Protein chains: 6
Amino acid sequence: MFYHDGKLQFDVKVDKPNPQFAKMLQQAIGGIEGEMKVCMQYMFQAWGARGPEKYRDMLLETGTEEMAHIELLATAVALNLEGATNDLKDEVAKDPFMEQIMGGANPRHILSSGMSAMAVDSSGVPFSGAYVVATGNLAADMYANVTAESAGRILATRLWKSTDDKGMKDMLAFLIARDTMHQNQWLAVLEELGGVKGNHPIPNSFPQAEENPDFNYNFISTHIDGESKAKGRWSEGQSIDGKGSFTFEKAKPLGKKPNLGKPHPDGFAQKEQMKANPSMAEDTINKLK
Amino acid sequence: MFYHDGKLQFDVKVDKPNPQFAKMLQQAIGGIEGEMKVCMQYMFQAWGARGPEKYRDMLLETGTEEMAHIELLATAVALNLEGATNDLKDEVAKDPFMEQIMGGANPRHILSSGMSAMAVDSSGVPFSGAYVVATGNLAADMYANVTAESAGRILATRLWKSTDDKGMKDMLAFLIARDTMHQNQWLAVLEELGGVKGNHPIPNSFPQAEENPDFNYNFISTHIDGESKAKGRWSEGQSIDGKGSFTFEKAKPLGKKPNLGKPHPDGFAQKEQMKANPSMAEDTINKLK
Amino acid sequence: MFYHDGKLQFDVKVDKPNPQFAKMLQQAIGGIEGEMKVCMQYMFQAWGARGPEKYRDMLLETGTEEMAHIELLATAVALNLEGATNDLKDEVAKDPFMEQIMGGANPRHILSSGMSAMAVDSSGVPFSGAYVVATGNLAADMYANVTAESAGRILATRLWKSTDDKGMKDMLAFLIARDTMHQNQWLAVLEELGGVKGNHPIPNSFPQAEENPDFNYNFISTHIDGESKAKGRWSEGQSIDGKGSFTFEKAKPLGKKPNLGKPHPDGFAQKEQMKANPSMAEDTINKLK
Amino acid sequence: MFYHDGKLQFDVKVDKPNPQFAKMLQQAIGGIEGEMKVCMQYMFQAWGARGPEKYRDMLLETGTEEMAHIELLATAVALNLEGATNDLKDEVAKDPFMEQIMGGANPRHILSSGMSAMAVDSSGVPFSGAYVVATGNLAADMYANVTAESAGRILATRLWKSTDDKGMKDMLAFLIARDTMHQNQWLAVLEELGGVKGNHPIPNSFPQAEENPDFNYNFISTHIDGESKAKGRWSEGQSIDGKGSFTFEKAKPLGKKPNLGKPHPDGFAQKEQMKANPSMAEDTINKLK
Amino acid sequence: MFYHDGKLQFDVKVDKPNPQFAKMLQQAIGGIEGEMKVCMQYMFQAWGARGPEKYRDMLLETGTEEMAHIELLATAVALNLEGATNDLKDEVAKDPFMEQIMGGANPRHILSSGMSAMAVDSSGVPFSGAYVVATGNLAADMYANVTAESAGRILATRLWKSTDDKGMKDMLAFLIARDTMHQNQWLAVLEELGGVKGNHPIPNSFPQAEENPDFNYNFISTHIDGESKAKGRWSEGQSIDGKGSFTFEKAKPLGKKPNLGKPHPDGFAQKEQMKANPSMAEDTINKLK
Amino acid sequence: MFYHDGKLQFDVKVDKPNPQFAKMLQQAIGGIEGEMKVCMQYMFQAWGARGPEKYRDMLLETGTEEMAHIELLATAVALNLEGATNDLKDEVAKDPFMEQIMGGANPRHILSSGMSAMAVDSSGVPFSGAYVVATGNLAADMYANVTAESAGRILATRLWKSTDDKGMKDMLAFLIARDTMHQNQWLAVLEELGGVKGNHPIPNSFPQAEENPDFNYNFISTHIDGESKAKGRWSEGQSIDGKGSFTFEKAKPLGKKPNLGKPHPDGFAQKEQMKANPSMAEDTINKLK
């Protein structure tokens, strides 16, 4: 169950409203690397958590914190839209600020939300529940979470670089710090679970003897023109999970050309696709019911 | 540039076609953890790769291999649909196999594709370009790739567990092995890039001095009822990236309740929302043009 | 800012797990009439609220409660999936319960989430941020909220009717009661704002003198064959908002057939579309660069 | 069955084409508050209407009118794009009109549609069938319709405010008037059905005795820091539906912390998640097939 | 402008309601090959039509007819759902018809629409405005329309084959006939526009001298293993548009390996990606603001 | 199986990077008329191809070529973004180039991809697997392919017209030429399959005697006001498929008004919708469980 106090986790001040920046901030709300995604991702991981209780509890803690981050950003969007208007009249062309607004702003910030945040990304594409990853496997989920916090921190640094507004820079410096923590937090779980050698290959509960042992540590090169430059730590030496040795091999087909045969008449392909099939002569086909 | 030979990377045999399994296999084609996603993800990462050339080359190699995996799975879907028909007539009710087909199969495998694979997941939801992650930051992308191969291997093991068909089990055991390699491969890049301490916090090119130092290694607990159980490696000791020390802190607001004030008349909120604003008396509002 | 205690707002007990019911419950999580939608809708309305403070506060209260409802339902999905397995082997055909599971269950509950809830609806379609309505106009938002709680209560009653499981019926009876309250709650705001006569036409801050007075209280009938039966309270008498009188009129065009003329050569239409245009003779077109 | 005459319901004149305004008008075509939505919504409600015939007939009348509104707006978009070209050459930078076009216009109006309207919103996001609400419950649908016409009228007033073009202002003043009528029309149905007390709680055919009587008229406050300001008509007095009395209560959990136990081995979680389960010792897990 | 008479274009009778068939019929309503798509596609093509008036008029005629087809199918869905209930109780397991319903039906037909049609396809995926193709080029649009009516007729024949219900077979035989006409209708426009030789390459208004003449009639073979079997009418002889001669050529790269260089520091890639760049030594990077 | 050589199919040079043009190029990558669509469409058609082997092989050849086209365009996007930065600071307003970038560019090219291509269209809408058409009917698929290459060539000509950059013009002239070939290629298959008379109506394997012979060659006019101008090759003379004669007929309903009766109580409509039904008196309804 959840509670609130109506206050912000960090101060949100906007010295000079900027509708273009409001549009860019939307990426951090409704984008695939945004706060709605991490909030819902940690929540769904918690609500479906099976196994040691502390991981469920921790996911719930941080999912709840992320809700406060959406709140920060939604407030920042609204404040950056203060004063934005839907004015496309003649004089607008002469006003660089208005031009800037209409040129680079999200028109739905005026038309649909009345100068408030929306559940969309910086292109105006709605947030999707498909972004929410919760596999039921704790290690896979932790990698998904490190990924989310890495892309999230990259996004926040790019936003931080895009603005001179002190209030916005402060808020982003706070969020960047939280992303640093959260990267470390999910890495800490991976360490607790046994580290790279203990966790991989994920899922570690599948008996590795069942996978095809001829192809589990081979770098397969599809390069056909001279020698490949794609060599490195992954093409020789012990594998990172410690359970095999890397090799480098040229790709070659182990199967042959597939032949799906003639189409079944119920699928109503063209007759020409079925002709070669003696049991489906044209008169037969024409009698189908 | 790309080439092909029309042969399969591995044998695809289906002893007993099963339209339900065809539906399930679609998750591995068009799902967020499927092969279209990893194929396109590695391709887009390669095409946008800046920095050391070998990573670009390696991404292209594996992206090209993944295209062959989509081919394997699409062939497997088509073979599992051999003999499936769109028959809902009376006699169907008496045939448990047909019942099973119509009950659990994807109707579009009959109606839309004529018993072939589609670019959708096991719910019939189309593949989305939003699944393709390429941030321009190599370490973040590698975590995204480990995540993809982890979720992909989990999916493949669950599919492997779902079938008794020897051909399908063999194909999946091959794909599971490739996922093992690819997990190791992306982890190898992370190791080359400096390992956890070298890479984190991602992006490591943002000057960490600019992030808010009061909040970058604190586990923030939003739990309000008694003591939280969410304690572990992440709540004390040196941080995983070696650049700080974990602390455990109770969440508390640093900002105050936001007040967005009165709505701008151009947004056409209700008059009652604007009333308190002396500069927007009702007669003024009614004269707006 | 938000807090949690890890406990459920109401007991969630499942006497007999049922994967089909798990699939149906997803509608109440990720569907357009589900709890993710109302949670985010009330939150975004609160975060963008301008005008009297109490409405912002109230929206935040109920948005926070709705997060607890997602939690209830996600827990119910996980419990209904206990014991579900991904077994499609021969013996399955003999087991009607397994048949039922594979026939009607969401395959991603096994393949993608490992027997946990997902951010999707009962068809497996992901939740969309487009469902979240927050217009910046309080009265419009309240109607959106009454709509959401009405569709939500209808959904909950249909789910309640679908099950005999006592625990599930109890949980749904609780959610149905909350929907009753929330319908009343948003209606109470509409009453406070002035009721139907005070609020309509929404937005009431647009000067009604600017709308076309010849068409604002006319029921326009497009029916062409004999007399329309579409008569009722809306076709005569005082309008509901008290600002006009209903009339019933036959539809007739006030404009003429539009003529967009010839296409601009830059659009590269077919030459035949441009021919009639003397200024764009073919040789001219062929010289375009 | 449907018919047409090729004429417009109202005159569409554009004095000065404006590609940016064309982009904004798309919100009224393909947006969640646009005409495609209401057209399809009223149609689907009509086609699924059960109960008194007159409501079906009326929905069909207005759904048919809305099709003419899409036609108006699509014509307006095409006329606003007259003269727009896909010119990004050097001289463009010097031409403020061209700059305006490329800066704020939808590139697909040039690239994909050749200067015509599309089935998308003002961000270019395609119209979605998910916007179409038809619940089978007449009262819920009427609230959905009032909501749609309220958001639609707000949108139209914001567009009206955005332009000085007389033709566009006239067309919008017509559409705003129709939205006034349609708000009243759906409210009239709600009045006929019994008004607030007769309709609520929706659905009124569910026996209210079955809902949990302890929670159906309580405002639940999740606020934890001092006294909540979220008080008003909804926190005391008779409920709006006349069937209960509002109370104000502090949120408290009625359920306990959920415990989903250990994951089933078929889900291939990490071994560490299953360890505590004596019946799933590691050697057992490794023998799984 | 549009009108209606409330009658159906063809009789819709359902002898034996079948919720599974209702689900399948949704493909013909909201699918990419369904009637919503063709209705909206012809409408948007008409509304944006530039050039000879008769094509605009014809598109409007057939777009209006397609609206009546959606109506037929929506009625058929509602009638196939008569008697469907949301009953998952114990006795259901014993009733094969109920089992069939719950196994193969769309749960939203019960939960969301109350036994009526929805704007979704047979997987429950919502209709998308992205399906609506209107390029501004008449010939391209005609091909899109032939494609739509071909896929539509294939779908209708597969549905016809799926049912024994006489009423449904009659309705589908009517729709199949209309698809025959509409295929011919769009082909007739292509003939009027000059046939294959006159229309191609589309757009025929682009000066063909501007395209690269070395690559416009060459079949490029990417096949690398022995001789390709991909030979036919397209690999030798005069081209179909009569403007060139087909050749068969092995694919070979004309460009070299791309090198995007080092990432710009503002993008916050990893430092390792920037290292080789002398102007971006680490200390410089760390001083970035 | 697939291979690569890391080189480009054609040179990609960008003389003057232009972030706006990068945004426009995205339409040719992730748009419904873009290269991801044709690549995947030809691949899925090949992988599901039944009937003569040469068509499968040919589809695979061209699908593989299209992958190289995505590569060309992705490279072009990255090069057009060289030098783009996320700078919204004060001085930006004074810099027309920066203004242009922020005004018309896709913010995600900076925020999400770090100046690289993404799997989205020019509005930022993600590529969708729904664009991929593969019906199992070869003739229908060929029409889908001619459509794709026509829309694709139109798009490429519009892009070509939008730029003065010589490198970009050369690349586009190459792609335009390939589209010319591919239009011819799919038309060649249609000719081989029997031409218009042999192929239509598609599917030609459905016995035409089963379609309703009264409606398969009639142009149905829904026009109600005076005489329709929608006359042409399609309204008289022999049909294009040679199997009938065109007629021109006024639309008239063959069915009557549908009556779906009263709603089933399990659907929880409003009581007022059920009232007229004697078997569902209100007290009965209230006793429902």
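Including glycine, each Cβ sits where the backbone N, Cα and C put it.
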According to TrEMBL, which candidate in E:HIS4, E:HIS182 joins E:GLU35, E:HIS69, E:GLU149 at the Mn(2+) 1 site: E:HIS182
Binding-site residues among E:GLU35, E:ASP57, E:GLU66, E:HIS69, E:GLU149, E:HIS182 whose Cβ lies under 8 Å from any chain D Cβ: E:ASP57
Same-chain residues at least 6 apart in sequence whose Cβ lies under 8 Å from E:GLU35 (Mn(2+) 1 binding site): E:ALA28, E:ILE29, E:GLU66, E:HIS69, E:ILE70, E:LEU73, E:GLY152
Cβ packing number for E:ASP57 (Ca(2+) binding site), 10 Å threshold: 21
Euclidean distance between Cα atoms of E:GLU149 (Mn(2+) 1 binding site) and E:GLY226 (Ca(2+) binding site), Å: 39
Non-site residues, in chain order, whose CB comes within 8 A of the mean position of the CB atoms of E:GLU35, E:HIS69, E:GLU149, E:HIS182 at Mn(2+) 1: E:VAL38, E:CYS39, E:THR62, E:GLU65, E:GLU66, E:ALA148, E:GLY152, E:LEU175, E:ARG178, E:ASP179
Cβ-Cβ distance under 8 Å to E:HIS182 (Mn(2+) 1 binding site), same chain, at least six residues away: E:VAL38, E:THR62, E:ASN145, E:GLU149
